[in-house]
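Visitor: Annotations for this protein, taken from Swiss-Prot, read as follows:
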type	residues	note
ACT_SITE	D13	active site, proton acceptor
ACT_SITE	H41	active site, proton donor
BINDING	12-18, 40-42, R304, 330-332, 413-415	GTP binding site
BINDING	D13, G40	Mg(2+) binding site
BINDING	D13, E14, G15, K16, N38, A39, G40, H41, T128, R142, Q223, T238, R302	IMP binding site
BINDING	T298, T299, T300, G301, R302, P303, R304	substrate binding site
Amino acid sequence: MPSVVVVGTQWGDEGKGKITDFLSSNAEVIARYQGGDNAGHTIVIDGKKFKLHLIPSGIFFPEKISVIGNGVVVNPKSLIEEIAYLAENGVSAESLRISDRAHVILPYHKKLDFLQEEAKGDKKIGTTIKGIGPAYMDKAARVGIRVADLLDKEIFEERLRTNLEAKNREFVKMYDSEPIEFEEIFEEYYEYGQQLKKYVTDTSVILNDALDAGKRVLFEGAQGVMLDIDQGTYPFVTSSNPVAGGVTIGSGVGPSKISKVVGVCKAYTSRVGDGPFPTELFDEVGHQIREVGHEYGTTTGRPRRVGWFDSVVMRHAKRVSGLTNLSLNSIDVLSGLETVKICVAYERSNGEQITHYPASLKELADCKPIYEELPGWSEDITSCRTLEELPEAARNYVRRVGELVGVRISTFSVGPGREQTNVLESVWGV
């Protein structure tokens, strides 16, 4: 019953899609357990880039099952477009399975997302305006529409009318905005449901049957621990639980069936949108890292904020997600820097040092990073295939990251390609 969870340990964009794609070669089922099409991951296969937002990375292996679990909020229109995009590039989605319990994102969710964000003025949290938060709000309020409802014309019509009445009152009275007409949504989205019907099933049964049969199952998270609604930099977070614990809720698989948790991180840190970022760089070094690392959001296209590796963040991620292994990506981006830094602790204005990540944003704003400086390296390391092939300074950097986080490094990457991911220890035991 081997199962592996892949989680982002920073603020997303750590290269989870790349690592999931890499680990998928030894998995038989690959499942997504939370988030929506606000997440974006880029996978490079034979030099060709594929950008996905909803469909699990395992879709590139036609003999494997790819699952969108019940914890995902699904935009049917986006999903159909993604299936078409894959088909145009010679990739079939026949192995895709969608949970009938997953909640559906509808146009009123996206509109509400936009209006709520605009109303915050300079206190915006940096949402992607994909309707993710409002869809999860409806889910928690027990008024959401699930995929199973979308497939039943009578139920969909009844629930859509009820929800639209409530949402339109909110649009008109609270935001002085135009209402959405029932006819604008109903037929179009019912038809989307019919197009997706062949993929819809009880995915919890598929996942548990696979695990009980001894098959290898890989769970793929979106975003990262620091964007988790409970464990992240609240309120600058997403509306779901990217932490490993989110797997059990978002896939219908019990916690006793999770074998290993692989935390994915970059050799530096990045973040899209607003919110705390203790090691953020505003100088030429930051600009160099952004440009060399192509740090622009897959979903939004926005330039990402970048900074030094933060071991305080990483130890927090280790604790709340129970990391057993680490995948360290983008080491090559740091090539050419004379000195590289790692944050080892924070210092408060009163001189006190702390090694944990504060919950209070006010307390966090009072903290400055304490850095350990290491020699950089100038060599091109993109063709290195073993730890021994790395320059001594790069090897020392990799080892120091593992020591400070306190987790074994199972893979390190020196570029975006599959062949540039190097294994130090197999998480599958093969």
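Using the three backbone atoms N, Cα and C, a Cβ is placed for every residue, glycine included.
It should be emphasised that the depicted structure is a prediction, and the values quoted were computed from it without experimental measurement.
Surface or core, plus neighbours and distances: that's what I need for these features.
Guide: Annotation note: D13 (active site, proton acceptor) sits in a coil segment as assigned by DSSP.
Note on H41 (active site, proton donor): other Cβ atoms within 10 Å of its Cβ, all shown chains, come to 25.
Taking Cβ-Cβ distances under 8 Å and a sequence separation of 6 or more, the neighbours of R304 (substrate binding site) in its chain are D13, S270, R271, V272, R290, E295, Y296, G297.
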Visitor: Given a 10 Å Cβ-Cβ cut-off, pick out the one of the binding-site residues G12, G15, G40, G301, P303 that has the most other Cβ atoms nearby.
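Guide: When each Cβ's neighbours within 10 Å are tallied, G12 tops the list.
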Visitor: Helix, strand or coil at T42 (GTP binding site), per DSSP?
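Guide: In the DSSP reduction, T42 (GTP binding site) maps to strand.
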Visitor: Could you tell me which of these binding-site residues, N38, T42, has the greatest number of Cβ atoms within 10 Å of its own Cβ?
Guide: N38
Visitor: C-alpha of K18 (GTP binding site) to C-alpha of R302 (IMP binding site): distance in Å?
Guide: 20
Visitor: If you count, for each of the binding-site residues Q223, I331, the other Cβ atoms lying within 10 Å of its Cβ, which residue has the minimum?
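Guide: Output over binding-site residues Q223, I331: least Cβ neighbours within 10 Å is I331.
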